[in-house]
Each structure stands twice: as C-alpha cells, then as structure tokens.
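Take a look at the structure set out below.
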Amino acid sequence: MNKKILETLEFDKVKALFEPHLLTEQGLEQLRQLAPTAKADKIKQAFAEMKEMQALFVEQPHFTILSTKEIAGVCKRLEMGADLNIEEFLLLKRVLLASRELQSFYANLENVSLEELAFWFEKLHDFPQLQGNLQAFNDAGFIENFASEELARIRRKIHDSESQVRDVLQDLLKQKAQMLTEGIVASRNGRQVLPVKNTYRNKIAGVVHDISASGNTVYIEPREVVKLSEEIASLRADERYEMLRILQEISERVRPHAAEIANDAWIIGHLDLIRAKVRFIQERQAVVPQLSENQEIQLLHVCHPLVKNAVANDVYFGQDLTAIVITGPNTGGKTIMLKTLGLTQVMAQSGLPILADKGSRVGIFEEIFADIGDEQSIEQSLSTFSSHMTNIVDILGKVNQHSLLLLDELGAGTDPQEGAALAMAILEDLRLRQIKTMATTHYPELKAYGIETAFVQNASMEFDTATLRPTYRFMQGVPGRSNAFEIAKRLGLSEVIVGDASQQIDQDNDVNRIIEQLEEQTLESRKRLDNIREVEQENLKMNRALKKLYNELNREKETELNKAREQAAEIVDMALSESDQILKNLHSKSQLKPHEIIEAKAKLKKLAPEKVDLSKNKVLQKAKKKRAPKVGDDIVVLSYGQRGTLTSQLKDGRWEAQVGLIKMTLEEKEFDLVQAQQEKAVKKKQVNVVKRTSGRGPQARLDLRGKRYEEAMNELDTFIDQALLNNMAQVDIIHGIGTGVIREGVTKYLQRNKHVKSFGYAPQNAGGSGATIVTFKG
C-alpha cells in the first residue's frame with residue numbers, strides 16, 4: 001500500500017499506541033515494520049492469533065514475556081565468524097531464558113484450544129547444553145570461576161598471593177608505624193604501597209611509586225611484596241588470556257545455532273506483539289473485526305483512535321453501494337469521518353484490532369487513496385483548487401475496483417457552480433468504474449445527486465441548533481441541511497429579516513423540511529438502536545459472569561475429585577505394595593508353584609478397589625514433574641554453589657550436567673533444581689503377548705529391539721509373569737545383537753528367575769544370538 005496514505009492517516013502515531021504494551025525489542029521492531037496487506041490469509045492469521053491470545057488471557061490473565069534486547073546483529077557476527085564479548089553473550093542468554101520460559105508456560109497451559117499460537121510455541125528450540133555454557137556469565141557481566149578449571153586455578157592463586165601481600169603489609173604497618181604518615185595501606189598505579197615519611201624513605205627498601213604534592217609523603221612498595229605483586233600481575237595476564245579463550249570456545253559452541261537462536265528471538269517478538277494487541281484491546285475496548293469477502297464494510301460504534309473523547313458512529317458500506325457523499329457545513333467532523341474509515345481499514349489490514357463494537361466487518365483493498373488537506377498547495381505554491389485537482393488527476397489514473405477512495409471537500413476552491421459540476425462528474429466516473437468512494441462537500445447540488453443516483457447515498461454530520469454546536473454524529477442516509485436561519489435567529493437577528501430570507505428560497509425550505517424529518521427519524525432509530533445495544537451489553541456481561549461462575553464451580557469440583565482420586569490411588573498402591581511383600585515372603589519360605597503365586601497375586605489385586613486412571617490427573621502430573629529432574633533443567637551444584645544445566649541421564653541413574661565449560665557427573669542428592677522444565681507426555685507402551693500355535697503347544701514372543709535398557713527389563717518382567725499365568729511351556733525373547741547390553745540383561749534376569757528351567761540362543765535360521773528361547777519349569 002502506498003506510503004502517502006499511511007502518512008496522511010498518521011498510521012505511525014496509531015502504531016505508537018501499542019508500544020507501551022510491548023516487552024521486547026524484537027516486538028517493537030516488528031510493530032514498526034507493520035504495514036497493511038491485501039492478502040486475506042495473512043489478515044485471517046493475524047485475527048486468529050489475536051482471538052487465541054484473548055482466550056489465553058481468560059485462563060492466564062497475568063501472562064507475560066521476559067524482556068529481551070535485539071540480537072540480530074549478534075547472530076550476524078557469529079555467522080560471519082566473529083567471537084562474542086560478555087555483553088553479547090548476556091543478550092543471547094536472556095533470549096534462551098525467555099524461550100525456555102515460554103516453552104514451560106505452553107507445556108503447563110490448560111483449558112485453552114490453540115492452533116495458530118501453538119505453531120509458534122512449538123517452533124521454539126531447546127538448548128540445554130548452550131544454557132549450561134552461558135551460565136558461565138553472570139548478570140553483572142562477570143565470568144564465573146567455574147567457567148573452566150584453569151580460570152578457577154588462576155583466580156585461586158591470585159587470591160592466595162593477594163592475601164600474602166595483605167599479611168606482609170599489615171605486619172609492616174605495625175613494625176614501621178613511627179615511619180609512616182598514616183597507618184593505612186594505600187594504592188598507587190595498581191600496586192599496594194605504604195605512605196612513608198620523606199625523612200624515612202631510605203629506611204624502607206622498595207620501589208617508590210608516587211610522592212605527595214607537599215613532598216612529605218613517599219609511597220613505597222616494600223621489597224617484601226614486590227615479587228608477589230609481579231606474580232599477581234603475571235597471573236592477571238593469564239586470567240585475561242583464559243577469559244579470552246573461554247569467550248572463543250563458547251562462541252564456537254554457539255555459532256552453529258546462531259540462525260536458530262535468531263529465529264527464536266523473532267518468535268518471542270511475534271508473541272510479544274500479539275500480546276500487546278490484546279492488551280490494547282483490553283485497555284481501549286477494541287475488537288477483532290470480521291473479514292468481508294466482498295469489500296463490504298460495516299463499522300459499529302467506530303471511533304478514531306487518535307481523537308480524545310471521540311464520538312462513536314456507525315458506517316455501513318454495502319457491497320452494492322459505490323459512494324457515500326457527506327454534505328453539510330464545515331467544522332462538523334466530516335474530515336474526521338473520512339479518516340476514521342480509512343484508518344480503520346488500514347489498522348485491520350495490518351492485523352491490528354479496531355476501535356469498534358463486536359459484529360463490525362472490514363473489507364480488503366489493494367490500495368487506499370486520499371485527497372485530504374492542502375499540503376501540496378503549501379509546498380508547491382499552488383491554489384487550493386489546483387492542489388486538489390493535481391492530486392485527484394493522479395489518483396484517478398491509479399484507482400481500480402480493488403481500491404478505496406477518500407475525497408475531502410471535492411470541487412472546493414473554485415466557482416461554486418463549476419466546482420459542484422466537477423464534483424458530480426468525478427463521482428459519476430468513479431461510480432461507473434465501481435470504485436468505493438467516501439467524499440465530503442458543502443455543495444447543496446450534490447444532495448440531489450445522492451438522492452437521484454443509484455448506488456450513491458447521502459450522509460451528513462448532526463448539528464445541535466439548541467447549543468449551536470456540532471454533535472459529530474454521523475447520519476448515514478440523511479443529507480446535510482443548512483442551519484443558517486436557525487443560527488441567525490438564536491444569535492438575535494430580526495425575525496423580519498429572517499422571514500424575508502426564507503421566502504426567497506421557498507423551494508430550498510421544502511427540501512430542508514424533508515431533511516429535518518429524516519434527521520428526526522434517524523435520531524429516533526438511533527435511540528432505539530442504542531437501547532438495544534445497552535440490553536445486549538447487559539446480556540453479554542451476565543453471560544460472561546455465568547460462564548465464569550460455571551467454570552469456577554467445575555474447577556473446584558475437579559480439584560476435590562482429584563484429591564479423592566489421589567487418596568484412593570495411594571491407598572491402593574500401599575495395599576498392592578504390601579501384597580507384593582507378602583507374596584515375596586511366601587515364595588522364599590514355601591514350595592508354592594509359580595502359577596499359584598501369580599494367581600494369588602491376581603486375586604489380591606482383585607480384592608483392592610479398581611485403580612483409578614490418573615494419567616489425565618493434572619495435579620498428579622504436575623507434582624511428579626516437579627519432583628523429577630529432566631534434561632534441560634537448571635540446577636545448583638550443592639558442593640560448589642554454582643549453576644548449571646542437566647544435559648543427559650546415565651544408565652546408572654546419575655546425571656551429566658554442563659556447568660560453564662565443565663561437564664560434571666552428579667547424583668540427584670548432589671544438586672537442587674532451580675526451575676524444572678515440563679517434558680512432553682510420553683504414552684506408556686503396553687507389552688503385547690502374541691500367542692501362536694505349533695506342534696509344541698502354546699508359545700509367546702517378546703520383541704525388545706529398539707528399547708531402552710530400563711524399559712526392556714520392565715517389559716521382560718511383565719512378559720514372564722503373563723507367560724506363567726498362561727501356563728506357557730516356552731517363550732521366545734528377541735533382543736537383537738546390537739551392543740549386547742539388553743542381551744546381557746536378559747541373560748542375567750533369566751539366571752535369577754527360579755521359574756526358568758533352561759534358556760539358550762535360537763537356531764541360526766530363527767535369529768541366532770539375536771533371540772533367546774526360554775523353557776519354564778513344569
């Protein structure tokens with residue numbers, strides 16, 4: 001869309017209204033780049049995003065996003081091979097933290113159906129390794145000691161050397177007190193010195209670093225600390241070199257992910273912008289309009305967003321309506337009405353909410369043109385008429401059926417008769433070309449054109465003759481009328497003079513009386529419509545209140561049910577645990593047959609109440625996830641007090657964590673969680689026993705290929721129980737060859753199981769060492 005219309009309608013000022021609601025520099029940049037589009041799919045997407053964000057705010061009214069700075073330049077430097085400094089790493093660290101918080105928020109989100117927003121939430125990346133690396137930089141811009149073992153070693157040596165210097169100087173302060181001007185340790189040129197009286201300067205061996213202005217004090221670094229100070233200076237150089245190496249190393253680790261991080265930053269900004277739109281809706285009672293497929297416009301109680309205390313008006317630009325001609329005197333708000341229509345269309349086509357009531361519809365226009373104001377006449381020293389005509393000629397050459405045209409004071413600035421004729425001719429040309437046009441004029445001749453011409457409608461701005469002030473109410477379908485006689489009377493002009501004047505234009509008076517009647521009818525209709533709207537608003541408020549109450553009651557009910565289910569589940573679990581222990585004791589002390597033990601266990605399970613399926617229990621899910629650490633969680637290593645990030649879990653249950661550049665192996669008791677991430681729910685896989693029939697009787701097969709070790713062992717245990725219950729004499733276990741870990745686990749399990757008579761690898765033609773055949777005791 002042409003830039004001139006955006007300047008004329010002051011679209012940048014409108015966009016500035018959304019800035020206070022933004023939290024990120026990425027969102028601010030996207031807002032500033034925002035422009036209207038004629039692509040219906042993009043507009044629909046923007047509208048859908050706003051509606052989903054509104055629904056999200058109903059459930060999460062305090063939803064927020066971590067503030068972030070622009071990182072496009074940082075990522076570009078990385079891609080070009082540059083190494084980052086600490087400040088740049090802190091910007092990236094902030095973006096990764098914002099991304100992780102949004103992912104966690106989305107994972108915990110309930111009772112909201114998302115589609116467009118889900119797409120953005122799910123495109124965010126997870127970088128647990130990088131998060132651990134970036135923990136090396138604290139928010140004060142300091143590289144932590146744990147960033148590398150070498151850095152920690154150097155800083156320990158610096159600390160020890162500085163302690164030695166302090167100790168030596170403190171001893172000298174006591175020993176040489178009478179030779180010093182003050183009993184303090186001073187600092188000169190980065191060295192620790194003693195303030196020695198000039199008369200004793202030769203009594204204390206060392207390096208002179210400064211002399212006081214009076215010459216009475218000489219600042220000497222004692223010989224005893226010179227060597228230590230030189231060591232410290234050397235260590236400081238080593239520290240700087242190691243810090244530079246750390247910056248280079250972490251830059252290399254981040255570099256492959258620069259594009260992904262930049263994309264995450266854009267998504268964060270996009271979500272921030274959508275959030276800002278909804279905050280604007282809440283603040284200004286704006287709405288997401290409907291999108292018309294045929295350029296039909298219906299604006300209910302629409303306001304100009306930049307006008308304080310703006311009067312709300314209705315505008316209906318039907319599919320067949322080509323032109324709306326607003327007639328009547330100046331200063332009544334005609335120009336504001338033009339700008340309101342144009343600006344509302346620009347806002348909607350830019351994916352922004354509009355200041356109107358629900359039920360409002362907007363069209364889609366490829367271009368919006370306007371001739372408003374006298375900018376050209378000032379710039380080019382042209383007359384008002386020449387300025388308008390120059391602009392209109394240019395516009396007429398560009399408009400088509402997909403354009404919206406706004407013309408202010410059409411035909412003004414020349415002879416009234418010629419100006420009116422030109423205005424009608426221009427409107428007729430636009431009508432025949434089916435170009436939607438809203439025009440303002442003060443020529444009375446255009447009233448007749450609006451009445452007599454098909455697909456053209458008159459309109460006016462209401463004027464209160466009692467107060468002699470415009471009300472700024474838009475009256476569609478009612479042409480403007482002159483109020484000169486009424487105003488003259490109220491201002492004290494003689495009734496005789498007013499009467500003489502009115503007799504000279506009897507015909508016009510007849511027209512004015514008709515217009516007056518139309519105004520009265522329009523006002524009456526508006527009052528009725530306002531009353532209907534008030535009732536609708538009350539009904540909407542009542543409906544919202546009832547829905548809110550209903551949802552709250554349902555939540556309370558669900559909470560109580562969940563508590564009861566949890567208690568019941570705990571009781572059942574406790575009973576089953578006790579039954580397992582009893583059966584274990586029986587098995588170790590008695591000669592019960594295997595199938596009798598399994599049958600007894602099954603009977604005990606039947607005695608317990610039916611176990612409630614808590615897989616959908618939100619409370620339990622959150623409690624479990626809160627207790628269990630997961631990959632990507634931030635941790636504090638208890639022995640060091642340093643932060644890191646979990647990167648993987650080992651087979652023995654221990655965890656690998658990235659703490660700066662150091663990778664550590666920790667047990668759960670050696671760290672605390674800082675903020676757990678919500679992992680995606682993983683459906684439990686059932687162990688399926690596939691029965692087959694052959695000459696040897698009932699058999700079964702279990703396939704463990706592709707399973708993790710713990711998962712495979714659990715499935716094997718359940719499978720053997722089921723096989724014994726079915727009195728199977730023999731089963732096949734397919735574990736594959738692979739690394740041999742699962743095969744070895746199967747072997748150890750079968751060796752321990754007292755119900756197994758024998759087992760061995762399958763024949764070569766039946767799987768060989770990739771499968772084990774198990775025979776049970778009779």
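Glycine residues also receive a Cβ, built from the backbone N, Cα and C atoms like all the rest.
What Swiss-Prot says about this one:
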- G328, P329, N330, T331, G332, G333, K334, T335: ATP binding site (BINDING)
- 702-777: domain 'Smr' (DOMAIN)
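Recorded features from Swiss-Prot, shown on the structure.
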{"residue": "G328", "record": "ATP binding site", "Cβ contacts under 8 Å, 6 or more apart": "K334, H442, S460, M461, F463, P479, G480, R481"}
{"residue": "G332", "record": "ATP binding site", "Cβ contacts under 8 Å, 6 or more apart": "S460, M461, E462, F463, P470, Y472, G480"}
{"residue": "G333", "record": "ATP binding site", "Cβ contacts under 8 Å, 6 or more apart": "V311, M461, P470, Y472, F474"}
{"residue": "T335", "record": "ATP binding site", "Cβ contacts under 8 Å, 6 or more apart": "I372, D408, T440"}
For T335 (ATP binding site): DSSP state (helix, strand, coil):
helix
For the domain 'Smr' (702-777), jot down how many residues DSSP puts in helix, in strand and in coil.
35 helix, 19 strand, 22 coil
So what pLDDT does the domain 'Smr' (702-777) average out to?
84
Which residue among the binding-site residues P329, K334 has the fewest other Cβ atoms within 10 Å of its Cβ, if you could check?
P329
For G328 (ATP binding site), just give me the three-state DSSP call.
coil
